[in-house]
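Here is the structure we will look at.
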Amino acid sequence: MTVSEIQSLIDDLEAKATSDRSAEETPDIGIIMGSDSDLDTMYGAYEALTELGFEEETGDEIPESRFTFETYVVSAHRTPELMYTYAETASDRGLDVIIAGAGGKSADLPNMTASLAFPVPVIGVPVQEKSVDSVIGMPTGAPITAVDAGKSFNAALSAIQMLAREHAELEERLLRYHDGLQADVGSVSRDLHASGTETFREQR
Ligand code: RP5
């Protein structure tokens, strides 16, 4: 990415922060990651959000769904100005929660974003095991919420849980999702018990 591309992203974010889009038209959840090499790990967040009916905002298109999210690469170390702008405009751009993933030992994007975007909550995703300490190691008074290494799917569910306190429709979607999980375990348990261990293993 060239310096002018970074500047153009910064300009776009600042323009969105001053636009008169209503809360229904702005993304509710922001997903950022330190590199596109993190995308496979962060894809779990995309899967959870789309499974629960969220639509991704791409380019300048405003999606039809009421609940939406956006996705960017923002590197704390290589594009610090972009990180500052992303986090500092988050509230004015209508974001209610940010999911931030980074890998390596200096996985600073989630914790720096949490400080800069405060009080917008940030859910950190350590992209690798070795990133866990860096993501969760915040001093008292500078909070971050975090999931275990690679658990971006859960990060998205947690983000929806936060939004669901204000949106009954999301609470219903979460409850339906949870019912589905229970039904899956129930049907597996019934099959295992009915077939017996050996047959179940062979047929799996
Ligand atoms: C971190 O460094 C990123 O979050 C990524 O996990 C890691 C490597 O980045 P690339 O060299 O693949 O861009 O900042």
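The backbone N, Cα and C atoms fix where each Cβ goes, glycine too.
Same-site candidate for substrate binding, as annotated by TrEMBL with Ser35, Asp38, chosen from Arg66, Arg78, Arg93: Arg78. Every protein chain considered, the tally of other Cβ atoms within 10 Å of the Cβ of Arg78 (substrate binding site) stands at 13.
Once the Cα atoms of Ser35, Asp38, Arg78, the listed binders of substrate, are compared pairwise, the greatest separation found is 15 Å.
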